[in-house]
Amino acid sequence: MDAATLTYDTLRFAEFEDFPETSEPVWILGRKYSVLTEKDEILADVASRLWFTYRKNFPAIGGTGPTSDTGWGCMLRCGQMIFAQALVCRHLGRDWRWTQRKRQPDSYCSVLQAFLDRKDSCYSIHQIAQMGVGEGKSIGQWYGPNTVAQVLKKLAVFDTWSALAVHVAMDNTVVMADIRRLCRSSLPCAGAEAFPADSERHCNGFPAGAEGGGRAAPWRPLVLLIPLRLGLADVNAAYAGTLKHCFRMPQSLGVIGGKPNSAHYFIGYVGEELIYLDPHTTQPAVAAADRCPVPDESFHCQHPPGRMSIAELDPSIAVGFFCETEDDFNDWCQQVSKLSLLGGALPMFELVEQQPSHLACPDVLNLSLDSSDAERLERFFDSEDEDFEILSL
């Protein structure tokens, strides 16, 4: 059966392959497990991640648009999953676990409501699709990892409850000074609309070099998304070690990407296989609920997750990290610096203190798709025209 036409009712969970009996550790978003002694703990961790899949019969996007995202929304759903993990870490903590038919904290309900399939949910398929129009994507068009990262960054501005600082690193470069400035800023962190068009260049929505007067503002929790291309047609095997190490970091949010025909949300690895949640299941939309509890069983994957060889991964991906505090960010920087010492491993991105003079401010390049730079970046990172195929209905 084609993955695009699977429905929740036709799934048989016994058909999903269980974890292999191996002495190799299983890593799930910064947590290490033994499949020989902790299989239940592994599955509980996986089931606690929010699982967003294709849905049908939701209110029409834009009032007259699609009522289902089957066949085109897989990367949007993966973007929802990686961002939902950031909100779970922000409001519930990495060690929170979901239990079926058990009342959850109100903050869990608020996180879930932010992703429901309705126009007034901050990170709904409706909001992502309509915000994507401003990025040059028509509703129903397939997204690549970079585009969905840019859209989520813009939507996060409206999520005042979470108050996240979202940084999308470009040109394979993470600039520490830019991130510290962003996380210490109380100004809008996406879009230059808050400033006059003829003002100085802006980084992440505030003037370059602007630190603000007086005492430093409190650190805002950071969501760091890094679009990458790890090869031309295939992933360069030299990146495998550093990619796997990303899942071992406690700040890990996982990876969005996939392989020809589909996009997945990768949450860990075992041996040379990546572990992922698959959005290619069509479920009925959950009726909008303004109060807790939200019917939530279909938002949690209650069967063993998928696995695929790293060699099968499409080279166009986006890696995510969450740093609740500045100490978390400093620790992440130290870990990344140590990656360069791994024998035979190729760094996936560069970590620098200051913006290199030959690079433009990364967020300026994404304020408008009229910019030739933005178009260049989208062609480089979003390989939907060549490496991905839209699933046929």
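Here the Cβ of each residue, glycine as well, is placed from N, Cα and C on the backbone.
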Discussion item. Quick check on the annotations: Swiss-Prot lists motif 'LIR' for one of 164-167, 264-267, 320-323, 388-391. Which range is it?
Written reply: 388-391
Worksheet item: Given the active-site residues Cys74, Asp278, His280, which one's Cα is the least distant from that of Cys301 (S-nitrosocysteine)?
Response: Asp278
Discussion item. Spatially, and counting Cα to Cα, which of the recorded positions is closest to Ser316 (phosphoserine)? Options: Ser34, Cys74, Asp278, His280, Cys292.
Written reply: Cys74
Fill in: Local Cβ density at Cys301 (S-nitrosocysteine) - other Cβ atoms counted within 10 Å
23
Item to complete: Using all protein chains in view, find how many other C-beta atoms are within 10 Å of the C-beta of Ser316 (phosphoserine).
Response: 26
Fill in: Conformational class of Cys292 (disulfide bond) under the three-state DSSP mapping
coil
Practice prompt. Restricting to the motif 'LIR' (388-391), report the mean pLDDT as a whole number.
Written response: 36
